[in-house]
Amino acid sequence: MLFAGPKLRLLRLLSSLTLLWLFILTDAKKDLKITCNTCRKITDNFNKGFDRTANQNFGGGNTAWEERTLSKYETSEIRLMEIVEELCDSSSFECNQMLEEHEEHFETWWFKKKTKHPDLHKWFCIETLKVCCPKGTFGPDCNACVGGSEKPCHGNGECDGDGTRGGDGTCSCERAYKGTFCLDCSDGYFNVERNDTFSLCTECHTSCKTCNGATNQDCDECKDGWEEDDQEACVDVDECSKDSSVCKEGEYCVNTEGSFSCKDCDKVCSDCTGPGPDQCQACAAGYQDTEGTCTDVDECSQSEVVCTKEHQECVNTKGSYTCVCSSGYEKREDECVQTPTQGKKSLIKRSSF
């Protein structure tokens with residue numbers, strides 16, 4: 001027990017150092033990828049500049065004399081400098097730093113290596129600076145990706161660090177594939193063809209969570225919102241046909257494949273079973289059931305007078321009514337009083353009286 005404290009501290013220290021080392025390694029691999037991408041950008045821009053200057057010349061008045069005297073523009077240092085000047089944006093620190101450190105390599109390649117090594121990226125980034133790897137390989141030693149350099153991840157994913165000196169070669173599979181080798185099918189997909197080096201996964205029927213074929217009878221398991229019928233096929237569950245309503249009051253249910261949605265009832269309904277005024281289960285205030293359809297109640301034609309103030313008239317509206325002053329009268333302090341000059345009728349809301 002006397003050594004429990006020191007041992008525990010030692011274990012914690014080792015654990016912290018391990019985490020720190022893993023963090024350093026991860027950052028280092030990330031930096032290696034960035035360095036390769038910078039180099040690739042430089043060589044890509046060089047090739048674009050090479051194409052851009054293909055039909056140019058020295059730009060003087062006597063091109064023939066210049067080429068005889070100064071050598072051909074096509075292979076000249078002037079053309080090389082014109083290309084190199086356009087390789088990096090002024091804001092790209094990594095690009096400009098790499099170019100400044102290794103500019104002499106471009107002169108070497110241009111004058112001595114171009115004929116024997118026409119692929120600038122391969123000569124400069126892979127073989128000379130050793131910051132990149134050939135496609136389909138990764139890491140410090142340019143090891144082949146899972147599935148081989150010709151077909152990384154068996155053609156069904158991306159190899160971590162592919163073409164760089166970084167990464168660990170693990171596969172990030174496409175949506176339809178999973179597993180270390182990207183040969184297994186993800187849930188919702190099944191193998192049409194499969195061997196040790198090739199796998200073709202196709203999407204299951206929309207009702208299947210997992211399957212072994214293309215139809216709804218090939219489901220191993222149904223998705224939520226689907227259920228197995230007597231023929232062992234996955235069929236849609238009609239949530240709207242259930243006894244207990246899945247929607248709140250004032251909404252109706254619409255069944256969809258594998259699910260449902262709730263939509264607002266017509267404004268004339270307080271509750272309903274579908275769209276429109278003829279699908280109401282109960283009419284909203286101001287409406288009445290007329291042969292199965294909710295229609296407006298004309299409050300102004302009722303036996304009971306609704307506009308009770310003197311010189312008022314009732315105007316029916318959808319689902320309600322409004323009290324207005326009669327012609328020749330206007331509203332003043334909640335009363336309809338005669339006005340010397342006949343104006344427009346003044347609306348007096350029911351709630352005002």
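Cβ atoms here come from the backbone N, Cα and C positions, even for glycine.
Keep in mind that TrEMBL annotations are predicted by a computer and have not been checked by a curator.
C182 is paired in TrEMBL with C173, the candidate among C173, C185 named as its disulfide partner. Listed disulfide-bonded residues: C173, C182; maximum Cβ neighbour count within 10 Å falls on C182. Counting residues 6+ beyond its ends, the domain 'EGF-like' (141-183) has Cβ neighbours under 8 Å at 28-33, 35-37, 40, 126, 130-135, 189, 194, 197-199, 201-203 in the same chain.
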